[in-house]
Amino acid sequence: ERGENLQNNDKRGKKHKQGWRRMGSKANLQFLLQGGDLLKVLSPSWKKTRFLKLQEDCKTIWRESKKTFKSNQTFDSIAAVRLGRQSEGLKKNTEEQVECRCFTIVFKGRRKNLDLIASSEEEAGSWVRGLQKLISSLNNLSADQAKDHWIFSCLRKADKNKDSKLSQQEMKNFLQLLNIGLDDDYAEMLFKKCDKSGSGYLAGAEIEHFYDLLTHREEIDVIYGEYAKTTGFMNAGNLLEFLTKEQREKLTLADAQKIIEKYEPDEQAKGKSLLSKDGFLMYLHDPEAMVFNLDHKQVYQDMQQPLNHYFINSSHNTYLMEDQLKGPSSTEAYVRALLKGCRCVELDCWDGSDNEPVIYHGYTLTSKILFKDAIKAIKEYAFKKSDYPVILSLENHCSVEQQSVMAQHMSSILGSALVTTPLGDGMPTNFPSPEELKGKFLIKGKRLNKLEASFAEAAEEADNTDVTEEEESSNEADDEPKKLKLAKDLSDMVIYCKSVHFNSFEDARKNQSFYEMSSFKEGKAVKLAEESANAYIRHNVEKLSRIYPAGSRTDSSNYNPVPLWNAGCQIVALNFQTACTELDINQGRFLVNGMGGYVLKPAYMRDAATEFDPITLTRGDWLQHKTLHVMVISGQQLPKVNKKKSSIVDPLVKVQIYGVPADVSEKETSAVANNGFNPSWNENFQFDVYVPELALVRFLIEDHDSTSDNEFIGQYTLPFNSLKMGYRHVPLLNRNGDKLPSAGLFVHVMVLDAK
């Protein structure tokens, strides 16, 4: 009740709760609020009862064990809820007969899953339906609702004695939770300003007034006031002037009218076709008005080009959850990579017991998973995020016998989705397109012979399994090719991605077919990209290239993918298990085109006679010199870095450009002391961008520290050509690439042709 009392002090809070009740449906919500006992599963023998229930805030799950230990878990940390024995843990630790009673709560980031068993099938279904609906409703809150939601959760925490009032000390606690550091004099002045009754605490309308003072945004007042020329409101004509002059949108008066109808919360204003300041701010917070061009969110590129004409979102050692020496291997790692849009996953295959191949990082203490379990997980999740083809990159260390088992598993599990013969009739001369390969799996690995041999009637069948073939170097080995005995049934599954050793660009041009591809260790690839960039680009016009991290990166760290993309390399494989700048950049690169994992390379990187060189930048179609102007205006609801109550961030913003060497740049604002709630900078930057099609822009917010390295707060990366101009909000992502629910940055962007 106390949660409702505080929320009901503001009509917005009340509306939101009603919204959640509607979206969650009463029965499901009532079930979650009542809660119940569930079995938590950690091993075949460790199954303990845990009482779970939804808190009144409709955002937090309260968990009590039979010990005195209790904990809360917020919904914004939950990625998904899966019914049945879908997780690796439940498959390993439970029997098939409890299938219908099992479910898994999957958390964002790198936290372990929570595997649970309900007392009945109906109860499991109720938990899953209820949790899924609440997660969906929270994910679909508008920016304005998310802000209110977050502020009211902080209000509840600050109200220590739960009397639905705020004392002056509780107000200070509240401000610290909001990431605002105020000196005592200003805090006292703010409190007295709101305490109209002089009672020494804030209640009811006083809390609402306090909330309005906190959330007031002066910069929005200024912009709105410039265009609100109709009795203090914007009419459709005023709004259209703002949209065309400031935002550089190509819209009509009818479009402006639709925006008013969609975003104006006041029915009287809407009836007069007027947009209030609240409606204006709601529009600016909507995804359609943010810094990322929503036209690029859908598939908008030509998907009929050959497969090698695309950058492909790719993972290295996909099976690992952590480091490369002793970390766990898991099928969940494949699920997470695929759900993040990855289209090329790696399987490091070794002989296992009982004639069952396993996947792990060879010669290390990383744990093992069954090859067949990995293939099942890949099959189930491959096309949930994208319909475009998935490449299974096999690092094959198995005996001939277990290679045949691998082939049998892939054939039986993947079925007709596995490409085992070339598309069309006769021997192909080029790759099929992502469009033609929708819903398909391609195998990348060794092959006993040329693909052409299977079309030559006179060719003898290579049916003896002891034929040897060169194998690409593993991460730990040197660059000398090895010998590998290869099973014919596995070899025959390799159609468009045959692994071969790289000798030179000239050798590849003369002796390799289009489907023969090489893998390059990062050091060698970077050297080629620096010293022979144009030759590398031409090589990649004809063939595929895969890049992988150096074996010395035992901590699963990553290399910068940008110089390799600049050289036209398609499969630039990164350690998805490691949160880092390089993975942020990768997420930004593949943010566009439906997040389908395939991004079309620029035309000058698909031309066999191209003269493009990202290092020397001679004249050509690629040179489209632009000037980027960015004004960093303000931030909103930045999260704490240090969770201590008294810790407040000192935020600064870095604007970074990634691309060809001439475009790489970084500029930063000054730090704002003790304010993560609504810091203001109003600082202008200018950048020269010469090759915009390859450029990415990254907005990074850090907590300034004068005695040590700054700490990460949030970031957002997007392609330069996906920027929208004018006044724009920038959403912020955390270290794991998940959206920070209420945090944001407000900027002004302008892109001009350089003189």
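In case you wondered, yes, glycine gets a Cβ from its N, Cα and C as well.
These come from TrEMBL:
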BINDING   ASN317, GLU346, ASP348, GLU395  Ca(2+) 3 binding site
BINDING   ILE648, ASP650, ASN674  Ca(2+) 4 binding site
BINDING   ASP703, ASP705  Ca(2+) 5 binding site
COMPBIAS  459-479  compositional bias 'Acidic residues'
DOMAIN    31-136  domain 'PH'
DOMAIN    146-181  domain 'EF-hand'
DOMAIN    490-606  domain 'PI-PLC Y-box'
DOMAIN    609-734  domain 'C2'
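Helix, strand and coil content of the domain 'PH' (31-136), in residues and according to DSSP, is 35 helix, 41 strand, 30 coil. When Cα-Cα distances from ILE648 (Ca(2+) 4 binding site) are compared across the binding-site residues ASN317, ASP348, GLU395, ASP703, the shortest belongs to ASP703. Sequence-distant contacts (6 or more apart, same chain, Cβ under 8 Å) of ASP348 (Ca(2+) 3 binding site) comprise ASN317, TYR319, ILE359, TYR360, HIS361, GLY362, GLU395, HIS397. Ranked by Cα separation from ASP650 (Ca(2+) 4 binding site), the binding-site residues GLU346, ASP703, ASP705 are led by ASP703. Note: the CA-CA distance between ASP703 (Ca(2+) 5 binding site) and ASN674 (Ca(2+) 4 binding site) rounds to 10 Å. Apart from ASN317, GLU346, ASP348, GLU395, the Ca(2+) 3 site neighbourhood in this chain, defined by C-beta within 8 angstroms of the site C-beta centre, holds HIS316, THR318, TYR319, LEU347, ILE359, HIS361, SER393.
In this structure the alpha carbons, written CA, of GLU346 (Ca(2+) 3 binding site) and ASP705 (Ca(2+) 5 binding site) are 39 Å apart. Cβ contacts within 10 Å of ASN317 (Ca(2+) 3 binding site), excluding its own Cβ and spanning all protein chains shown: 29. Summarised by DSSP class, the composition of the domain 'C2' (609-734) is 9 helix, 60 strand, 57 coil.
ASP705 (Ca(2+) 5 binding site) sits 12 Å from ASN674 (Ca(2+) 4 binding site), taking the CA atoms of both as reference points. With helix defined as DSSP H, G or I and strand as E or B, the domain 'PI-PLC Y-box' (490-606) counts 49 helix, 20 strand, 48 coil.
Within the set of binding-site residues (ASP703, ASP705), the lowest number of other Cβ atoms found within 10 Å of a Cβ is recorded at ASP705.
Residue environment of ASN674 (Ca(2+) 4 binding site) contains 17 other Cβ atoms, counted within 10 Å of its Cβ in all protein chains.
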